[in-house]
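Here it is: the structure, laid out below.
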Amino acid sequence: MKHLANFVVAACLFVGSSIANAFENNYLVGVGKADITGSAAEVVMLGYANPDQKSSGIHTRQFARAFIIADPETAKRIVFVNADVGLLFQSIKQEVSSQLAQEFQGLYGTENVIISATHTHAGPSGQSHYTLYNASGAGHAKENFDVLVEGIVDAVAQAHSDLAPGSALINQANLDGVVANRSMPAFLKNPGEITKLYPDGIDSLMTSLWLEQSGKTIGLLNWFPVHGVSMSMFNTLLSGDNKGYAEYLFEKEMGDDFVAAFAQGNSGDLTPNVWLNGRGPTEDEFENTRLVGFWQYQKAMQMFYETKDQLSGAIDYRHAHKNMSMQTISSKFTGSEDQQTCVAALGPAFAAGTEDGRPVEIWHEGQTKAGLLTKLASTILFFPTEEDRACHQPKPILIATGKGFPYPWTPEVLPIALHRIGQFGIIAMPGEVTVVSGHRLRATAEKYMPDLKYTTIAALSNAYSGYITTNEEYSSQQYEGGSTHFGPWTLAAYRQVLAELAQDMSQQQLTAAGPEPRDLSDKQIINITGVIWDNVPLGKRFGQQRDTKDFPRNYRRGETVVAEFFTGHPRNDFRNEDSYLQVQQRKGFRWVTIATDNDWETKYHWKRLSWFWGTSKATIEWTIPNEQAKGTYRIVHKGDRKRPFSGKIVSFEGKSKTFKVK
């Protein structure tokens, strides 16, 4: 009952403050943030589906950031969580909803919580309960599932405790020159009256939601469509990618526990790799990440100082689960006659990959005829019927994931949500939404709720089911169309559901919950080997610096300090809300930490030296900022080792030789 008591206290504070400041403090708002960094070594990374891309360290940590807006009069509230992960799986939403409902006595749960992924391709895999998404990583990774769930729940709990009288402000602006459309052949299939609205196939709209408590800005929730693929398929360091860097910069600039989330929009066909070959705007993936993140940060910071519109009115939400493989779509949403969605299936263009990373050179984009290899592959594990094949035309079926046995390889019962903050609507979609699909979804919400002044797409939210393309784009069978699970009328089906939600909200009617998604938590296969033990060479100790003989003692700004240490496996302890490294400066008789493994200028690398002996090393890099003060510094390595036989985890710490920055 303590959480209900907290709400009553906050509501009383609202009443008291509203006497003095009635216009500004019309809501209760709160923010929270928690570390969700997972396995930093020897786990396949999520996004490129490349089994050889295994984590080997950290460039920047990954976080969950939570925002709560509540109406003190009706007690209705909504939660938006932005997570620095590649995909937000239904398994995560199910477990988070269960834990939140239990901890907060029903205040938060499935319907009023949106959890959205930034879509970084530089995080660990294994969090799903469905085979397709765990296949490249050799199965479910419970450690990565648990740390993500715990972090999200913690972030929401922090935001709940932070609730206080406040306001929500909004503004929008265009950010140009950051992305390219990687699927122009598909985009140009759309009607001319729509394509002319988006020059070069780009949606450049940025939306910023600002939360204030009694005049002080405490949080930013920003949406801008750009894929999280600035870090390439050859990178093996955990990273928040370009949106993670934008978050890092904004929070560093604002200070005082400010929470800044840069969320994903309708980026399905938009890439930051503007050269359309997995690179751009430079040859260096770290520089590309920095630039694309900086541009988002820079535009948002500009918007911070510009005019904003205060949101007022109802806090509301509607949510439904639908079996998207069995939807009959009205002619109102197809433009012709009634149509039907299909059992989930992927085409050859899915296997071909994108300009951002092509894992196999067997299939290609634009393939609308089923060759012999495609026909054979489609019947190795699954057996689509002729009706299934006809339903998906012009996409040849390569993998009919919905025909998996004993369970489908991808989910078909999926969540669609619409959240409202006064004049602002947030459309939460369980997949990757293309530019024009986003346009049509927003138009649908605004048609059935004409009092909405602002809308945004929160893609990759609450579950994941591939791409959502227009039927015109689907006909081109680029990667996005090949990855559209439920056939050519997938978008139309989602628009029909969204219209139901919007109508129900507008008319203050309840929405049918729909079928319950299956729970596969006890059906998981775990093939990821755990840490057996850690060891160091004879005469050495954990945390001891390895490279003392060759370690320079003097550096200049802009140079990179590199120190190696004997270490344990980072999977022994993820060190959430902590760090595997510290850069320390001597100030008088004290050592002061000035950087950790979350700072842009540091890198933590891990490498196994011997499988048999259980030895490994940590290599820590610090690129000295140009504005860094002169003085004496050292590198501290913090780690954990696993003892043989007992399996006990023991922490250790080591320090490098001191060095000077001149």
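Cβ atoms here come from the backbone N, Cα and C positions, even for glycine.
OK, TrEMBL features for this one:
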| type | residues | note |
| --- | --- | --- |
| SIGNAL | 1-22 | signal peptide |
| DOMAIN | 27-496 | domain 'Neutral/alkaline non-lysosomal ceramidase N-terminal' |
| BINDING | H119, H227, E432, Y467 | Zn(2+) binding site |
| DOMAIN | 500-661 | domain 'Neutral/alkaline non-lysosomal ceramidase C-terminal' |
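Locate each feature and note its surroundings.
The average per-residue pLDDT of the prediction over the domain 'Neutral/alkaline non-lysosomal ceramidase N-terminal' (27-496) is 97, rounded to a whole number.
Within 10 Å of the Cβ of H227 (Zn(2+) binding site) there are 26 other Cβ atoms, across all protein chains.
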Would you identify the secondary structure of H119 (Zn(2+) binding site) according to DSSP, in three states?
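Looking at the DSSP assignment, H119 (Zn(2+) binding site) belongs to neither helix nor strand, so coil.
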With an 8 Å cut-off on Cβ distance to the H119, H227, E432, Y467 Cβ center, who else from the chain surrounds the Zn(2+) site?
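Near the Zn(2+) site, the remaining chain residues are Q264, S267, G268, G431, V433, A459, L460.
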With Cβ-Cβ distance below 8 Å and at least 6 positions apart along the chain, what are the contacts of E432 (Zn(2+) binding site)? List them in sequence order.
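Looking at Cβ-Cβ distances below 8 Å from E432 (Zn(2+) binding site), excluding near sequence neighbours, one finds H119, S267, G268, A459, L460, G466, Y467, I468, E480, S483.
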Under a three-state reading of DSSP, tell me whether H227 (Zn(2+) binding site) is helix, strand or coil.
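Reduced to three states, the DSSP call for H227 (Zn(2+) binding site) is coil.
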